[in-house]
Every structure is written in C-alpha cells, then in structure tokens.
Amino acid sequence: MAKHIMLLMSLMALSFSLLAFAFEPSPLQDFCVADSTSSARVNGQPCKNPALVQASDFSFSGLHLPGNTSNPNGSRVTAVSVAQLPGLNTLGISMVRIDYAPWGINPPHTHPRATEILTVLEGSLQVGFVTSNPDNSLITKTLQKGDVFVFPVGLVHFQRNVGTGNAVAIAALSSQNPGVITIANAVFGSKPGISNDILAKAFQVDKSVVDQLQAKF
C-alpha cells in the first residue's frame, strides 16, 4: 500500500510539473537576454552572451507617452514584450499600455499564450470576456480609476472607454510573447481570405455582407 501511495504521489507531482511547463518553463539561469542577431531557431529566443549583457537590455522607455488613438478603433496598444525588452526572454511576463479616445475600443481579441491583468490609470472602462462554448457567457463590468480586472488565458475579451475624456490602462501578461488575435482582423482580414460562402454560413448572413466586411480589412 505504501508503495502504491508513493507511486501515486510521484505521478501527481509529474503531472503538475508537466502542467506548469505547458506554458513557459522556469529559467535555468539568472537571465537569458534575447539575442536578435542569432539565426538559431528555438522555442523563444536564443540567449545573448552574458558577458555582452548591459543594463539597457533590461529597460524600456516610453510608457509615459500617450499612444496615438487616431484610428477607427480609437485606441492604441503600446507593447513591452520580449521584442521591445530583450531581458524578458524566458521570464514569462510582459506588459502593455493602452490608450483610449472617448468611446474608443480595444476590440474583441484573445491572447493565446497569456492571462492578462489590467489596471485602469485614468478614465472609465467597460471590460469583459466571453466564456468558451457552449455557454458563451459574457462576464462584464465597468471599471473606474484604480480598478483591476483579469482576463483568463485564451478567452475573447475587450475594453471600451465609456467616459467623456481619454482613458489609460496598463496591463501585465503571463508570457514574454503573449500573442494577440483580433477576431475581426483574423476572420475578415486573413491572407488569403476565408471563402465568403464559409463566412456567410458561419455568420448566417448574405455573401454581400461578408464581402463588405472583408473589404474593410
């Protein structure tokens, strides 16, 4: 019996370890600054020679600057991922600043590799996410300055400025490279485009409606 218990505990420990590594593994050294000049192909970024690492590899400047929201969505995301901050490589974290014009939106999108936790710095935001099939429940709330909201990994979510002035939020994500899939862009703006008869059937609309939407992306 004792052997069976020990075996079960070992299998459980192995399962939890595999679950943890299903996202981003813990680093095996103090740091692994991304080397953008390397041609090596790895899951992530190859490491820069530690002897060549500088403080600038761990710093980024610019999040104090408002993003340009003069676009159809009325928002701008300023990302700080491994592409902008090489020192994030293997550390499993990144962040963004999001600026919103009055009634601007960060349209429905997903992060395939990260959970997101958002804090409102200025203004009022309606935020929400949709649960997976078959329920597709909308979880939504209006946030004020200082409020925090979390978007679970992989779920479709959005934000909208519901105030009369500009709004600003900052968010942390649980990946050095969380990825983003904006639903409208992916569905109607893919290259090459998804056949309009497929989209017409999926959205239960006329093909001409799909053609109009695809022309916008």
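Note: Cβ is positioned from N, Cα and C throughout, glycine not excepted.
The signal peptide annotation in TrEMBL covers 1-22. Annotation comment: TrEMBL describes CYS32-CYS47 as disulfide bond. Annotation source TrEMBL lists domain 'Cupin type-1' at 61-211. As annotated by TrEMBL, oxalate binding site applies to ASN106, HIS111, GLU116.
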Field: Output field, oxalate shell: CB within 8 Å of site CB centroid, site ASN106, HIS111, GLU116 dropped
entry: VAL96, HIS109, THR110, ALA114, LEU118, PHE151, HIS157, ALA171, LEU173, PRO178, VAL180
Alpha-carbon spacing, CYS32 (disulfide bond) to ASN106 (oxalate binding site), which is rounded to whole Å: 32
Field: Cα distance (Å, whole number) from CYS47 (disulfide bond) to ASN106 (oxalate binding site)
entry: 33
Field: Separation of alpha carbons, HIS111 (oxalate binding site) and CYS47 (disulfide bond) (Å)
entry: 25
